[in-house]
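Inspection log for the structure reproduced underneath, given as structure tokens.
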Amino acid sequence: EDPSLERHFKGHRDAVTSVDFSLNKKQLASGSMDSCLMIWSMKPQMRAYRFVGHKDAVMCVQFSPSGHLVASGSRDKTVRLWVPSVQGESTVFKAHTGTVRSVHFSSDGQSLVTASDDKTVKVWTVHRQKFLFSLSQHINWVRCARFSPDGRLIVSASDDKTVKLWDKTSRECIHSFCEHGGFVNHVDFHPSGTCIAAAGTDSTVKVWDVRMNRLLQHYQGNSVVNSLSFHPSGNYLVTASNDSTLKILDLLEGRLLYTLHGHQGPATCVAFSRTGDLFASGGSDEQVMVWKTNFDAADYSDALKTQKSCSSVDGSHLTGSEMDHGIHHKKTKTQDPGRNHEQQEEDARLVNTLEHIMGQLDVLTQTVSILEQRLTLTEDKLKECLENQQKIIQNKTN
């Protein structure tokens, strides 16, 4: 079944710049050039909330992973953190010296990464809105910045025509992808964390493997691509373009699946819900639209299960040629149906075992990083105690 338009929200008084679903899909947030943030209820007949506070256009919005906060960035150079309730209280901090183009929560909800026209990417703590550090190697406006799913990397896209990959711990730029022929409007991590996709004014979408830093896929459109979003299964990508269309790309097949016409004028932003059964889009026509994905449901609920148990959707799956090769390889073995069936069962068992091991490894990695953090804290405390002792001894001898 093809994707279909489910809901239509009208209320913004200027172009919509950004959309995001809450975790439970009960709410949808949108930002607009009208300086307002709107929270729409997905339940019919429920009222929408309009949050006023920014002094200029709202460029970006995102729900925190828990859904208890919404972050917004604005042309007024501030970031606001809102409680998406009737009162709509918010805390505000001056984040940059230029327009804030992008806000993104880390998957643990503890950190926030912001990107700005002041050419920097900044990282903040969410709870105290404390500034942590700045990444400043871009030489033009930074349009977008995202944390990797495991929170160890940050990717940023800029009008300097590069996509930069950063190590969060060392704060170093690990790699610059320079293949774009125009400004890079949007970038995001594949759910597995092994790849990134970037959209540009050169009408392309490019997918790179971040482990080998190689280009995996390249989609040439005929209009500026403003925004993109990965389906949670990692098998699809939706884009929003200046020609008013949304396009759904099949990453496994490496081809365009659907072109959707809904907006009058440029489609500015697009985002899948956390479960992938819905996606939302916004446009210069001031409208927010919610679409039912309607892909074969079994097709991606299985993929989602493996995705949850471990980061199994591997980057190498994305190269169409390798995928095809794998398929042909299997097809040549079908002379003996019984043998083939056993082989398939054996393969499935092997895949399950490997996925289980990968899952365990992920858990171990997480545990080790938590232990490392605790060790660092303990070391700091110990250092403090020793320094204090030194001071006491010195005072006594003096």
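Cβ atoms are placed via backbone N, Cα and C, with glycine included.
A TrEMBL annotation is a machine prediction, not a hand-curated record.
Under DSSP, the residues of the repeat 'WD' (9-50) split into helix, strand and coil as follows: 0 helix, 22 strand, 20 coil. Look at TrEMBL and you will find 9-50 (among others) tagged as repeat 'WD'.
Per-residue pLDDT, averaged across the repeat 'WD' (51-82), gives 95. The annotation repeat 'WD' is assigned in TrEMBL to 51-82 (among others).
Taken from TrEMBL, the feature repeat 'WD' covers 93-134 (among others).
Taken from TrEMBL, the feature repeat 'WD' applies to 135-176 (among others). For the repeat 'WD' (135-176), the list of distant contacts is 98-99, 101-102, 104-108, 111, 113-117, 119-123, 182-189, 191-193, 196, 198, 200, 208, 210, 213, 311, 365: same-chain residues at least six beyond its ends, Cβ to Cβ under 8 Å.
Taken from TrEMBL, the feature repeat 'WD' applies to 177-218 (among others). Look at the repeat 'WD' (177-218): DSSP puts its residues at 0 helix, 24 strand, 18 coil.
Across the repeat 'WD' (225-259), DSSP classifies residues as 0 helix, 23 strand, 12 coil. The repeat 'WD' feature in TrEMBL is assigned to 225-259 (among others).
Long-range contacts of the repeat 'WD' (260-292) within its own chain (CB-CB distance under 8 A, at least 6 residues past either end) are made by residues 3-10, 12-21, 23, 25, 28, 30, 32, 38, 40, 42, 224, 226-233, 238-248, 300, 304. Under the heading repeat 'WD', TrEMBL lists 260-292 (among others).
Residues annotated as region 'Disordered' in TrEMBL: 312-346.
According to TrEMBL, the compositional bias 'Basic and acidic residues' annotation covers 333-346.
Only sequence-distant pairs (6 or more apart) were considered; of these, fewer than three Cβ pairs between the repeat 'WD' (93-134) and the repeat 'WD' (177-218) are under 8 A, so the stretches are not in contact.
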